[in-house]
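Feature list, courtesy of Swiss-Prot:
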type	residues	note
COMPBIAS	10-20	compositional bias 'Basic and acidic residues'
REGION	1-28	region 'Disordered'
REPEAT	311-351	repeat 'WD 1'
REPEAT	353-393	repeat 'WD 2'
REPEAT	472-510	repeat 'WD 3'
REPEAT	513-552	repeat 'WD 4'
REPEAT	556-595	repeat 'WD 5'
REPEAT	612-642	repeat 'WD 6'
Amino acid sequence: MIHKRMNSTELERTSKKIDDYDSSDEEDLRNTIGNIPISWYDDFSHVGYDKDGNQIESAKKNDDMEEFLDRMDDSNYWRRVYDRQSGGFVTLNDEEVKKLNALDASKYPLVGYNPYQPFLDIFSSQTEIHPISNRPDSKRSFIPSLDEKRLVGKMVHAIKMGWVRPSRPKQIEKRVYDLWADNPCSEKTKTELARIRMHFPAPKVPLPGHAESYNPPAEYLCDEEELKKWEETDPEDRRLDFIPKKYDCLRKVPAYDRFYNDRYQRCLDLYLAPRQRKMKLNIDHTELLPELPNLTDMRPFPTTQSFLMLGHSGQVRSLSFEPESTEIFASGGEDGTLRLWSICDGRCLKTTSLDGSITSVAYCPLAKWTLLAVTMESNKMILTNSYCGDRHRITTTTEYLSKLRCESSESDVLKWKYEGKGTLSVDLGYIARQVVWHHKGDYFATFANSKSPKLIYIHQLSKCKSQRPFSRLKGLMTVLSFHPSEPFLFVGTQRYIRIYDLAKCQLKKKIITGSQWMSCMHVDFRGDNVFVGGHDRVFSWIDLQLSSKPWKSVKHHTAAIRGVTQHARCPLIATVSDDSTAIVYYARISSDSLKENEFVPVRRLRTQTAQKNGLSILAAIFHPSQPWLITAHVDGSIALFT
């Protein structure tokens, strides 16, 4: 192959093409002087040389008129920054402007950066007394090591052969006294140590107040009477040692004429005034923590899940135990079925299908009847005989319901109707959220989540009549409950609970719940304490004998609280939440007014139910006599914790 030699003209063209298409890291620079300090050419008329060796003239600066015209014509003039390296202006983008603003405000230049990330405490605050692993020691830990035996043998042989020599004594360096050292090398005497130990720091000079300002407020300035009184008072009895004065600016303030006098008085105070040693308490921080009671003293309380009761195909919204019975409880769900369960073996005893989803179920508190009140989404409420349990009580309930007169007139607010087979129905006209009984068993109330007072009714079973107790309602209705012994009605809105005296038809007390949105309420069996749970995860204990505000508020759940229940005999309270947990508290109400109530969380019970639409556990109830807890779940299951 024959190669032609390129002449000088072709070689020049080729090199020019290569230079034109060659890329470099400095393509954004207008000149090609390289990455060198531009200050090298401050004394020259040029700023460097190009690739051909020609001088690059420095850019001419615009005069004031040209800069003014550029400022008026260019809308991005305020974004332009002069780049001395390239000799031109650079326009900043939005991100660079934000970084500059952040740096100017003493913030991080990275927009959106959060320097305060959540801290995860990986260490436990509880001191354990038992080891994590209690595995017994192996056999080889009691037998001498063979490797150590061989190593010792080699060392003995080396000593015998003279290969190992004893280490030479270290030469003691000459210690020179350091005159300017903070801690001298020589040990201090007892007198010096006592002087250091008994050193009392001097008290600090009090900070100046508003009266010592060069421009004090008008109330600190003295008028003629106060000035005359100050001059007549002895120097020892004066409240201030000086007369406050006002100046227009700081440069007009003269020198302080009492400076040397104040320094002299300070020296006299330090020299003559005795100092007192401040005793420090060396207390372990663990001793400052409150002593928690022993859990064994709080037993019994539910600890484990015994079994699940399955049968409902939707949400289980309400639970209720038969009065003075320890075997049967009722449940109502979204599937429109009313089920009666045996607590002993978890067997479903009876299932009744209704014409709507059930919102609430409540047994009549009278033990002589087996009467159930059920509210449904079909705008109806029924009073039905459970037909489960003691036969004598079932017969008594049927006879009582059949003798009731359900004759309705035009003046009646609601229409009562006897359906036969031990069932009464009331057409409410709205979806009732809950039904609650009075302790005597003749009155019960229903309400809906609304601001209208027309959706709150008190019903009388013996007369088959209903009435509206309120003509006006403040706030959105959320909960309702009767007083256990007095004719009082607890009406709960989002943030407040109002106690009404039904006998006198007047407001008795207004309670602040401490929650932003109350979801459930329980009044204790004496009526002196109210337990409140809210959608904002706050659980409050309100002692009505102490105050109308919460005595104790905790936030142990991570989701909204759906139910609060109290045990009839044991000092136990339980809350259930959408975080699939139920927390059991030991809550002993003190009968002595001088002794404080006891409130300690003892157990967190977890369920394996799946959440649906953010809901998990909807209701809970304690066994009447045993320390057992029953919870109703959104997936249709009912759990028993023992």
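Every residue, even glycine, has its Cβ placed from backbone N, Cα and C.
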Across the repeat 'WD 3' (472-510), what is the average pLDDT of the model, as a whole number?
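Mean model confidence (pLDDT) across the repeat 'WD 3' (472-510) is 90.
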I'm a bit unsure how to read this: which one of 472-510, 556-595, 612-642 has the highest number of Cβ pairs shorter than 8 Å with the repeat 'WD 1' (311-351)?
612-642
In terms of Cβ proximity under 8 Å, which residues at least six beyond the ends of the repeat 'WD 2' (353-393) contact it?
314, 317-325, 327-328, 330-338, 340, 400-401, 419, 421-441, 444, 446, 461
What are the helix, strand and coil residue counts for the repeat 'WD 3' (472-510) according to DSSP?
0 helix, 20 strand, 19 coil
When the repeat 'WD 2' (353-393) is classified with DSSP, how many of its residues are helical, how many are strand and how many are coil?
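Helix/strand/coil tally for the repeat 'WD 2' (353-393): 3 helix, 19 strand, 19 coil.
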Of the residues in the repeat 'WD 4' (513-552), how many are helix, strand and coil by DSSP?
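Here the numbers are 0 helix, 18 strand, 22 coil.
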